[in-house]
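Taken verbatim from Swiss-Prot:
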- CYS70, CYS73, HIS90, CYS97: Zn(2+) binding site (BINDING)
- THR47: phosphothreonine (MOD_RES)
- 31-101: repeat 'BIR' (REPEAT)
Amino acid sequence: MLSISPIVSLRRCDNEPSMPDEWRLYNLATRLRTFSNWPFTEDCACTPERMAEAGFVHCPTDNSPDVVKCFFCLKELEGWQPEDDPMDEHKKHSPSCLFIALKKKAEELTLSEFLKLDLEHMKIKMQKQMNLHIERFQAKANEVRGHLEKLDADETQ
């Protein structure tokens, strides 16, 4: 089972090709299955099909039922309106996403093209994780600095 967020997880369907969990979201049908509770389904631009085609997976929360994340660049977007075009919004908020820059479907990529694309995806994931660890470290460092300054102030009194 592949975890997208604390809320959404993906189970493999019988007809889905066997592949590592990391690669399953390249498959349009896998992304589309995450939109089972999507609030916009008819008479709008941001249908589940168009959202999945734009690379998004649906990862709702109690407070934000329309949160989506690009499986590739990891950009999260919410506050969707019925007239919002998923591909246009994706390009506007994450213009450097290589997935939306593809000129063909992921299923049509050569092995070499796919592996190069996936290498970039892994770099993005690692950078995001590294940034998260840096933020946590800086928060702890600031907390410790505050304690040290308090100790110093107590000693000088």
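Numbers here mean position along the shown chain, with the first residue as 1.
Using the three backbone atoms N, Cα and C, a Cβ is placed for every residue, glycine included.
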Tell me whether HIS90 (Zn(2+) binding site) sits in a helix, a strand or coil according to DSSP.
helix
Which same-chain residues, if any, lie at least 6 apart from CYS97 (Zn(2+) binding site) yet have Cβ under 8 Å of it:
GLY55, CYS70, PHE72, CYS73, LYS75, HIS90, LYS91
Please list, in sequence order, every residue of the chain apart from CYS70, CYS73, HIS90, CYS97 whose Cβ lies within 8 Å of the Cβ centroid of the Zn(2+) site.
ALA54, GLY55, PHE56, PHE72, LEU74, LYS75, HIS93, SER94, PHE99, ILE100
Neighbour count, 10 Å Cβ-Cβ cut-off, for the residue listed as 'phosphothreonine': what number do you get?
17
